[in-house]
Every structure is written in structure tokens, then in C-alpha cells.
Amino acid sequence: MVMSENSNISYCQAVANRTSFFTTAYNGIPETLILNTIFWVLLILLFTVLRHQAGDFGRLALVNSNGSKKRWTEIFYSRAASVVDPQPSTSTQVSPRPSTTSQGVPDSTPLSPIQPEEGLFGWIRVTLKLRKETILLHTGPDAVHYLSFQQHLMAVMALVTIVSLVIILPVNFLNGPKENPYDVNAFGRTTMANLSPDSPWLWVHTIITILYIPLVVLIMRRASGRNAFKKAATRTIMISNISSSDRNKTVVRNYMQELFPDVTIENVSIAYNISRLYVRNAEFERVHEARLYCEHHRNRDTLMVKPEMCSCKKENAYEYYQREERKLSGDVARLRASTMNEPLDIAFITVSTVQEAQNIVTHFTPGTYRQWHLVFAPSPDDLFWENLNVNKSHWYLKFFCVNAVLFLVLFFLSTPAMVVSLLNSRPWVKETEGKISPLVADFLPTLMLWTLSALMPVIVAISDKWMRHYTRSKQNYSIMTKCFGYLLMMIMILPSLGLTSAQALLEWGFLNQTDRWQCIFLPDRGSFYVNYIITAAFIGTALELLRFPELIVYIWSLLKAKSKAETPYIRKAILIEFPFGTHYAWTTLVFTIAIVYSVACPLIMPFAMIYICLKHFVDRHNLYFAYGPSNMISRKGGKIHSTAVTMTKFSVVILVLVMAMICFFRGDNGMARFLLLIISLAITLTLFTFMSPIKRCAATRRPSIVEIAGPAPIYVPDVLKDNGIRTSSVRPSAAAFGGYGSDSVSEYDSSQYSVNSVEA
């Protein structure tokens, strides 16, 4: 930025030097791009080789307990997870999901096989040719909504990229002052800082900034708009705050029938405290799977087990698991019996029609004796049954403590920019700075920042699982909003102000250092984010394909296993659901950074476009081939999707605010542009607050989930269903993943959905 005073120039340059050390032309962007491209090619080749070695086994092979000879690559990188057995199941196993009939026969439409992969890189063509109908049937409506959200972002970013390269970049590059302080090869010459404060060409940036508001809103509203999806009413109502004396099916049924005599009540279920039973049943499943493995093994007598992890003592595996199974079977039976004596204050009542349920929820008023709270029940699959026993007061206390600790740690102490600042202050860095290759010096900071910022969502996700949310949709929503907020502050807002932590932000406010505002969007700051997005686009997306975190969890589980007989159970347990909360936050953050910097630093947009395209391709592949189905159906189950669309509004709001501040602090000649931008910002905030053009999930009354004929979902946890102890072992236990994971592709009735109902 061309500052009005030399002192401000030196001050801002000093601030920039504390958060990055770029030394070459274009601030290391060519070097970072070259290194990232090389690493991306190597990682893609590694993934392709691993996938080719995996063979055509597919995700459904996980449920085959006889697959003892499978290699680890067959679990993570298998190629043929595309075909579902179209034949109805003839087993007597209890269906783990409401997508099956009461007899346990799947009633979903079988998937159409995709074309087989041909050649080493055939997986790329197969991924690109995946149809929306196939993804919907195979992975669930959440995946279709998520991919549709990304496609709308791609449309916005494509238009912004064209404007940035065709209009803004030539204006910035060709209309600098005669005595230009930037070299022709300097990155600053491509930014808005190249224009003098009194240049009339700055009106181009102002007008484009204002035009971006309707552009983003009109396109992104189609990602929710009339499809504020998965908010439809169901026939089942969840009743909470039931007193201990009323926790009985008969009492609940009679009271509701007395209040609503014209309503036909089909079923009443009481929730029970299954937290201990859930853990014990998971242990039983592990031992049961291991016993079956030993029973079908060719050399059953030679299989040995180590009862203790750090012990050399061994014994016959079949006898050990047989003994442990009998013991755990008795424990589970006793816990099931005791669980029935621990009813919770939650009940589920199913009526005959959606209209009757709507009438009950609308007209029910708590009485003087029974202060019940009625809401539409989430899907049984969306519930964490083992968490329903958590007291609300304890939950809110834990919520406050967890978020306070997260705020102190992530917001004040460990921002990525602070780590770079600390490294730059070390003497050995200053001594070796001239000796280090510029190629390495420009590449490592952004790679390190990307790595540190990638750890933050992991910390947030772990803490949220410890909080024990009641539903998967609420857990994903909480993770998404917190990750987006922390990432936005840590990755964009604080570094853009030349601050390394929120602590520095407070010090700045108390010391009244107004010169800081003049450091907004220095040329080096824009190049920093260009390098950051390049790293996220190439190395970040390639690592998402390889899924090293899941691989580490898998290897650690194998190391903890007492024998190789536990391997089939471990292989089932690694199939988790796609973490929508984290990925929504990451995608929206990069979109926000790109839009905010698109006017001041137009070179950021091509790389942001590359990021969203690669991210969409990688997520498309992983959703179909790597992760289990997701179906967060509840009255507010679509809130995570509609809120992600709403969060895109932050990009244009911050863009207008930043452009207004730049006009204000660059001298008196920009006051007209400043006033125009402030008026536009006020109008935008007013519309977003009172007349939001992006419809919220709660705004529509038209059901988007069609109630189908047949029995309603059974609101009973799997561990309490008939024959649940024995047959629940066919499901992959997700105890290690906080209740996530499944082995069935048809976990929901896909006939409830169509592609048109989940995509604008």
C-alpha cells in the first residue's frame, strides 16, 4: 500500500516482517506453486498406487468377517465400492436402520453399477462420472447437499475470477503512479496498493465491491432458498422433562390421549440410560467377532492371544474369546435388565399422520402438573442414544467450561501467526535466514500455518464429542460454527491486521495504536494468503485423499489388538461418517478469504478456483468410496446445510467493510468512496438481518421429506432391540469414534428423497 507518510510505511513493513519472511520476487508465489505442484503430483501418484494395490474389494467387503487375508490397502483405498447387492437379505439379523422393513428386508432401490475402472488412473474418470442419483442412494442426502453447496461456490468464484483477471488486474497493473515504488516484477504491482490514493481508477474497485453483494447472494440463495431441506414434520414427537413418576408408557399414552382424543397413537417408547450398556455391548461385539474369526479359521488351535498388552503371556485365542464372550454376554444381559429400571425423562410418541403430529406440537400447552416439552423427534439414526442420560444443567456447565478453555487456548495463545512470529524472533532463525534457500524460506511458513490451522478443527471436534451432544446434526452444527469462527479470526482477521494473537489485539486497543489500521492489506499480506491457498489447494486436498488420520487410528487400533482375530472388528470400526461440520467450515473459510482479497489482490482468485475444484473432486471421491452413509434427519437436521449457506454472507460483509476502511485511511480523496461503501454496508446488514434473501431452515413450511407408507421408525436403541446382543455385532461399532460409523450402504430409505428435493 502507498502510505501518505514515510513513517507509516516503515511501521507497516516492520509489522509485516514479524509475521512472514518473504525475500524473492512476487513474494515466493512461484516457488510455493512449484513446490506444491511437485508434492501434489507425488501424493496423487502414491494414492493411485495404493488404490491400485487395494484391488476390487470395496467398502462392502468390510462386513465380511471371513476376509482375514485382506491387506490394509484394501480397507482404505479399495476401488469398487459402487455396487450394492440387489438381492434382498434373507438373514434374520435385526436391521440396524429404519431403511429396512420389520422383517429385516432392505426396501431401498439398488444402486446401478458404475463403469469399472480401466487403467491406473481410471478412478479419476469414475469419480468425475458419478451421478447425483448414485451418490444420493449410496451416501445419503447430506452428501448431495454438501456437493451442491460446493458447486454454487464454484459458480460464484468462477465469475469473480473472470472479473479479477479481466478487469481488476489490468487496472491495478497499468495505472500506477509514474514514479512507481514497485518493480515491474513485484507482487505489489498487481494489487490495489499500486494505485495512488487519488486515482480515479479506485472507483472501479468500489463499484465491483458493491456488485459482488447481489452476485454472491443471488447465486448462494439457490443452495438453500426454496430447498430449506430436511426440516419436514414427522409422525413421531419427542417429549422431554417428564417427571420420574410419569416415566411410563401407559401414563404417557393416556395423558396424550386425554388431551387429544381424536388422535390415533400408534406407539410410545421410553428412553433409558444405556451409557454403561453401550460401552459393555461394544466390548461384547469385539469379542464376539474375534470368536467367530477363530471359529472359522483353518488353524484354530494355532491362533494365540495376549490377554495383556505389555505381557509375554499367551494362550489359545479361541478358548480365550469363548470365555470372554460368555462373561460379557452375562454382563450385557444384566445391564439390559438394570437399564429397563432407569427410564429417562424422554419419551417418543408416534401418531398415525403428520397432520396429527403437527396439531399436537402446535396446540400442546404444559399444565400445572406436567411441564412437558414437545418437539418433533429427530431420526433414530440422528440420535446419540448413549448421551440422552446427560443432565441438561451438567451439559450446559460442560459447554461453558469447554468453550472457555477453547477460547483461551485457541484465541489467545496458539494462533498460527503467533507461531511464525515466535520462530522469526529466535536468534538462530536470523542467523540462518541468509543461508536458507529462498525456495524453502517461502514455502515453509505457509505449510506450517496450514498444518497448525488444520489441527484446530481436530481439537474442536474432539472437545465437542466429549460434550456429548444429543444428536449428530447438533454436533456437526456446533463443530462447523466454532471452527469457522476460530479459523476466520486466526487465519484471516488477526494476520490481516498485522497481529499475531488476540492478546496483541487487546494490547493494540488499549495502547490506541491507530497506525495499525494503515497496515491493512499490505502487498505482502495478500501474497501470504495466495501462498496459503496454494498450499491448501494442492497439498491439503491430496492429503485428504490419503486420509492419514484415519490410517493412524487404524494402525493404533491394530497395535492395541490382543490378537489378529480382532482385525475384522477393527476394520469395520474405521468406517466413519463424513465430518460435514469441519469440511463446511474449511470450505467456507477459503471462500471468504478469496472474496475478501479478490478486489485488493486479484491474483488470489485463480488459485482459490483451483482449490474449490480440487476440493470438490476429492470430497466427491471420499464421500462415495471412503466414508459411511450420513442421514442427519431431524426437525432441524438441515440447519447445518442452510447455516453454511448463510455463512457465505460474511465474505461480502467483510469485503465491503475492509474496502471502506482502506478508503478512509488512505486520505481525504477517498471519503466519497468511503461513504458509498458505508451506505452499501448498512443496507446490506439491514437486508441480511430483517429481510434475509437466503432462506433459513425454519422459514419454510413445505415438507421436503415425504412421509412414505409403512411402519414409522422404531425409537429403540440397537442394544435394546430383540436379539440385539447377538445381531448388533453385524454393525461396525463406533465406540472409538463417538458413535459414528456404519457398515450398511442402505441405512436410510433413499426412496424418501430425490435429487431435485435436495438440490436447487
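Backbone N, Cα and C define each Cβ position, glycine as well.
Swiss-Prot annotations:
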{"type": "REGION", "residues": "228-391", "note": "region 'Intracellular linker IL2'"}
{"type": "TOPO_DOM", "residues": "1-28", "note": "topological domain 'Extracellular'"}
{"type": "TOPO_DOM", "residues": "50-152", "note": "topological domain 'Cytoplasmic'"}
{"type": "TOPO_DOM", "residues": "174-199", "note": "topological domain 'Extracellular'"}
{"type": "TOPO_DOM", "residues": "221-398", "note": "topological domain 'Cytoplasmic'"}
{"type": "TOPO_DOM", "residues": "420-442", "note": "topological domain 'Extracellular'"}
{"type": "TOPO_DOM", "residues": "464-478", "note": "topological domain 'Cytoplasmic'"}
{"type": "TOPO_DOM", "residues": "500-525", "note": "topological domain 'Extracellular'"}
{"type": "TOPO_DOM", "residues": "547-568", "note": "topological domain 'Cytoplasmic'"}
{"type": "TOPO_DOM", "residues": "611-634", "note": "topological domain 'Cytoplasmic'"}
{"type": "TOPO_DOM", "residues": "666-673", "note": "topological domain 'Extracellular'"}
{"type": "TOPO_DOM", "residues": "695-760", "note": "topological domain 'Cytoplasmic'"}
{"type": "TRANSMEM", "residues": "29-49", "note": "transmembrane segment"}
{"type": "TRANSMEM", "residues": "153-173", "note": "transmembrane segment"}
{"type": "TRANSMEM", "residues": "200-220", "note": "transmembrane segment"}
{"type": "TRANSMEM", "residues": "399-419", "note": "transmembrane segment"}
{"type": "TRANSMEM", "residues": "443-463", "note": "transmembrane segment"}
{"type": "TRANSMEM", "residues": "479-499", "note": "transmembrane segment"}
{"type": "TRANSMEM", "residues": "526-546", "note": "transmembrane segment"}
{"type": "TRANSMEM", "residues": "569-586", "note": "transmembrane segment"}
{"type": "TRANSMEM", "residues": "590-610", "note": "transmembrane segment"}
{"type": "TRANSMEM", "residues": "635-665", "note": "transmembrane segment"}
{"type": "TRANSMEM", "residues": "674-694", "note": "transmembrane segment"}
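Contact between the transmembrane segment (674-694) and the transmembrane segment (29-49) is absent: fewer than three CB pairs lie under 8 Å, with pairs separated by 6 or more positions in sequence. Cβ atoms under 8 Å from those of the transmembrane segment (590-610) belong to residues 29, 33, 153-154, 156-158, 160-161, 163-165, 168-169, 172, 187, 190-193, 205, 208-209, 212, 216, 488, 491-492, 521, 523, 526-527, 529-530, 532-534, 536-538, 647-648, 650-652, 654-655, 658-659, 662 of the same chain, restricted to positions at least 6 beyond its ends. Under 8 Å from some Cβ of the transmembrane segment (200-220) lie the Cβ atoms of residues 152-153, 155-156, 159-160, 163, 167-168, 171, 175, 192, 595, 598-600, 645, 648-649, 651-652, 655-656, 659, 663, 670, 673, 676-677, 680, 684, 693-694, all in the same chain and six or more residues away from its ends. Within the same chain, residues 189-192, 194-195, 201, 204-205, 208, 212, 215-216, 219-220, 587, 591, 594-595, 598-599, 602-606, 608-609, 612-613, 616, 648 sit at least 6 positions outside the transmembrane segment (153-173) and bring their C-beta atoms closer than 8 Å to a C-beta of that stretch. Counting residue by residue with DSSP, the topological domain 'Cytoplasmic' (611-634) contains 15 helix, 1 strand, 8 coil. In the topological domain 'Cytoplasmic' (464-478), the DSSP tally of helix, strand and coil residues is 11 helix, 1 strand, 3 coil. For the topological domain 'Cytoplasmic' (547-568), the number of residues in each DSSP class (helix H, G, I; strand E, B; coil) is 18 helix, 0 strand, 4 coil.
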